[in-house]
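The domain 'Cation/H+ exchanger transmembrane' annotation in TrEMBL covers 8-387. Per TrEMBL, transmembrane segment is recorded for 12-34, 54-72, 84-103, 181-205, 226-246, 282-302, 307-330, 369-388.
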Amino acid sequence: DIVTIGMLSLPCGWLCTTIGLPTMFGYIICGVLLGPSGLNSIKSIVQVETLGEFGVFFTLFLVGLEFSPERLRKVWKISLQGPCYMTVLMIAFGLLWGHLLQIRPTQSVFISTCLSLSSTPLVSRFLAGSVRGDKEGDIDYSSVLLGMLVMQDVQLGLFIAVMPTLIQAGVSTYSSIFKEILRILILIGQILFSLAAVFLLCLVIKTYLIGPYYRKLHAESKGNKEILILGITAFIFLMLTITELLDVSMELGCFLAGALISSQGHMVTEEIMSCIEPIRDFLAIIFFASIGLHVFPTFVIYELTVLLFLTLSVVIMKFVLAVLVLSLILPKTSQYIKWIVSAGLAQVSEFSFVLGSRARRAGIISREVYLLILSVTTLSLLLAPALWRAAIMKCVPRPERRSST
């Protein structure tokens, strides 16, 4: 399966490059052609998706590598407040529409939460290479956007933990619903405690461990890059294992691994990036191909008008909500970045595939709603590069524009 994806991704990527589209489109098309709706030649879909997730891990590590802890410290309040406000507003709108369309509240909450998440791997690719042009004294759009995306990944982990409670609430009486709400509050407390533990551990690693560890790796890898690559990969896996054990998202661990190593200076960052980028690029191809495995072209063609209307409605709603929230929480001197950050948050996360699959098996949503979520998510991901490029062209000063696009 991996060999087939690798071979077909090349012509698909070339074709998209020739007509001026991002190569990720080609990799998604490759997944569509090889998946259940195409030739049906991929037999181990779960294994392909699992390997593709390593592409997400390395992508977030490299993005974290370009963000020093000092830069992230400036935007932590915005990163915490922004996603929380957006999720609450999306759920409120979802419940309102659900009431008008006579949809069960649990189903409305689930769909709204799915649609409120944005794609960290995709936006990380947009941000790759664009963060060095920002001024040190300002709050830059890349730091705000990445901080909000990482916080959304934490919310995703929380929502996966809460999902069994949501299922239970759908069939419970009012007295037991009170118990379920209490259980959700306890879960939120546990997540906050875990986050505090993770950041305390990061402080200890940054202060006492990361410097000696990298110097030892650098000394051992003279003339032998294998040790350096293996040492960095082991550190990434250690951090994602720690965050997973603490019930926080693995993606946060990968990002923090990069941010911790970036504290060692620019030369270290450049050396590690040159080693890890080729691994990331190959695994990212598999990740985007795995997205294509979930696309059903026949369903999209038959319901194209409805799907385009729904997708545009979701993208516009997310963009407008993000602009409103950022207008409230951004400093007055940095208001211009709200348009770029909102464009980065306007698409729907590919993790809605995972959530939708679990919800369908649990009976929260029907097969038709599941296919709608998959199709809207995919179409929003395909619209994302065009929206991002338009925002960059309109809002980013000319010297920074070349690296951002």
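Don't overthink the numbers, they just go from 1 along the chain as shown.
Note: Cβ is positioned from N, Cα and C throughout, glycine not excepted.
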Same-chain residues at least 6 beyond the ends of the transmembrane segment (84-103) whose Cβ lies under 8 Å from its Cβ atoms: 109, 111-113, 115-116, 151, 155, 317-318, 321-322, 325, 328-329, 345
In contact by Cβ distance (the transmembrane segment (12-34), the transmembrane segment (369-388); 3 or more pairs under 8 Å): yes
Segment-segment contact (the transmembrane segment (226-246); the transmembrane segment (282-302)) at 3 or more Cβ pairs under 8 Å: no
